[in-house]
Amino acid sequence: MVVVGKIHEMKDIVKKLKKEGKTIGFVPTMGYLHEGHLSLVRKSKSQNDITIMSIFVNPIQFGPNEDYDRYPRDFERDKNLAEKEGVDYVFYPSVKEMYPDDFKTVVSVKKITDIMCGKSRPGHFDGVATVVLKLFNIVNPDRAYFGQKDAQQLAVIKQMVKDLNLDVEIVPCPIVREEDGLAMSSRNTYLSGDERKSATVLYRALNLAKDLIEKGERNVSKLKKAMEDLILKEKYTKIDYIEFVNYDTFEPISKVEGKVLIALAVFVGTTRLIDNIVVEV
């Protein structure tokens with residue numbers, strides 16, 4: 001496995017691989033790898049000749065009072081995990097390398113960023129879209145792999161790829177969960193023991209909504225209320241949002257029909273966690 005820190009070096013490597021007719025799968029990450037990330041690597045390896053992973057904690061997708069400085073980082077650990085999974089190249093640039101002093105461009109996907117995490121974290125998805133477009137231009141992948149856990153991020157990236165005619169196939173991958181249902185996340189490391197127990201309520205609330213829908217409930221405000229009641233029974237919880245949106249358009253809905261994404265963000269202590277499920281009626 002080769003670690004590459006410079007953009008021009010990564011681009012040269014990619015040019016050579018493309019000349020040899022190799023297909024490239026790309027797994028963009030912010031590091032502190034967990035089983036969710038590794039499942040993306042396995043998927044990439046099964047579909048491409050070469051797998052490139054980026055590890056870059058992207059400062060421009062964090063708000064002023066968010067956790068950029070304390071976001072967990074352990075490059076040695078990540079490198080070992082990536083190597084063990086058979087990643088071919090790790091692109092590990094510095095902030096200066098990605099954003100030199102004269103950097104002036106922002107990529108902004110409208111409308112689908114007005115709700116959910118886009119509303120709670122203004123500017124977040126501009127930061128995501130900008131870094132992902134930059135990474136796509138550096139790595140020039142045939143396919144790129146994203147977890148369904150960040151459902152809104154996935155929608156934003158799909159929209160950007162479509163609108164800007166990018167030659168990359170976006171491959172969504174299922175959420176990987178702990179045994180008790182908690183969606184795997186690098187931010188789970190922030191939770192205390194008691195908070196960790198409370199955190200299972202996100203998935204329980206999503207499943208409660210799913211069960212109620214299966215029993216015939218279609219009214220979104222009633223479903224939200226049931227989820228809120230369950231979540232707020234737990235200690236340490238504060239709801240950021242619960243949203244029901246059409247899976248394809250990302251439009252908020254008031255009645256459950258067709259394919260629906262149910263997504264939520266909940267603070268457990270000071271840690272903001274997200275999760276979602278898809279239901280079809």
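Every residue gets a Cβ built from N, Cα and C, even glycine.
According to Swiss-Prot, the ATP binding site annotation covers 30-37, 147-150, Val176, 184-187, on the basis of sequence analysis. Residues or ranges marked as active site, proton donor by Swiss-Prot: His37. Sequence annotations record features per position, and here Swiss-Prot assigns (R)-pantoate binding site to Gln61, Gln153. What Swiss-Prot records for Gln61 is beta-alanine binding site, and it gives sequence analysis as the kind of evidence.
This view paints the features noted in Swiss-Prot onto the structure.
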residue : record                    : DSSP class
Met30   : ATP binding site          : coil
Gly36   : ATP binding site          : helix
Gln61   : (R)-pantoate binding site : helix
Gln148  : ATP binding site          : coil
Gln153  : (R)-pantoate binding site : helix
Val176  : ATP binding site          : coil
Ser186  : ATP binding site          : helix
Those binding-site residues listed as Met30, Leu33, Val176, and which of them has the most Cβ atoms within 10 Å of its own Cβ: Leu33
Around the Cβ of Gln61 ((R)-pantoate binding site), the count of other Cβ atoms that are within 10 Å: 21
Chain-internal residues, separated by at least six, CB under 8 A from Gly36 (ATP binding site): Gly147, Lys149, Ile175, Val176, Ala183, Met184, Ser185
Alpha-carbon distance [Gln61 ((R)-pantoate binding site); Ser186 (ATP binding site)] in Å: 16
Whole-number Å value for how far Gln61 ((R)-pantoate binding site) lies from the residue listed as 'active site, proton donor' (Cα to Cα): 19
Candidate with the highest Cβ count within 10 Å, taken from the binding-site residues Gln148, Gln153, Ser186: Gln153
